[in-house]
Amino acid sequence: MAALLLRHVGRHCLRAHLNSQICLRNAVPLGTTAKEEMERFWNKNTSSKRPVSPHLTIYRWSLPMVMSICHRGTGVALSGGVSLFGLSALLLPGNFESYLMFIKSLCLGPALIHSAKFVLVFPLMYHSLNGIRHLIWDLGKGLSISQVYQSGVAVLMLAVLSSVGLAAM
């Protein structure tokens, strides 16, 4: 017990003595603060009228760029839609048939129903077909610029045609 007490007192005294020496020896006065550096950086950039890099205005929009953004967007929308559908099935009262009967009782026109079906099925078809395109790219096929544009147009046309066909069912 005495050994533990002696060890504790020795360490405590030694630590207090060394900490003051270490802190004083390594203390370096700061030349500028982070806020001053940040203000200097932004003043320099605004005075030279440089845009923040990479700036969106320097890029020319292309079909593959837009399709990549849309592929990500449809993926987020589809996963969000499936999650909302699952949560609503769990939390809302009644069953699926009662909600289907409610929609039928609204007497919506066929044009509105087909349009709604198209809006619901197009993101799924686009995301699926573009995903197949990406899988083909993963195999190392169709990576030349002309083939990328051709496959992009093909995906868009097939997505529209298949969505129209599925919405007509």
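Cβ coordinates are placed from backbone N, Cα and C, and glycine is handled just like the others.
Annotation comment: Swiss-Prot describes 1-29 as transit peptide, evidence class similarity to another entry.
Across the topological domain 'Mitochondrial matrix' (30-62), the DSSP tally of helix, strand and coil residues reads 18 helix, 0 strand, 15 coil. The topological domain 'Mitochondrial matrix' feature in Swiss-Prot is assigned to 30-62 (among others); the stated evidence is similarity to another entry.
Positions annotated as transmembrane segment by Swiss-Prot, on the basis of similarity to another entry: 63-92 (among others).
What Swiss-Prot records for 93-112 is topological domain 'Mitochondrial intermembrane'.
What Swiss-Prot lists as transmembrane segment is 113-137 (among others). Remote same-chain residues near the transmembrane segment (113-137) are listed as 67, 70-71, 74-75, 77-78, 143, 151-152, 155-156, 158-160, 162-164, 166-168 (criterion: CB distance under 8 Å, separation of at least six residues from the stretch ends).
Of all the Cβ atoms in the protein chains shown, 21 others lie within 10 Å of the Cβ of His127 (heme b binding site). Positions annotated as heme b binding site by Swiss-Prot, on the basis of similarity to another entry: His127.
The topological domain 'Mitochondrial matrix' annotation in Swiss-Prot covers 138-144 (among others), and the record cites similarity to another entry as its basis. Under DSSP, the residues of the topological domain 'Mitochondrial matrix' (138-144) split into helix, strand and coil as follows: 1 helix, 0 strand, 6 coil.
Feature annotation from Swiss-Prot assigns transmembrane segment to 145-166 (among others); the stated evidence is similarity to another entry.
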DSSP composition of the topological domain 'Mitochondrial intermembrane' (93-112), residue counts helix/strand/coil, works out to 13 helix, 0 strand, 7 coil
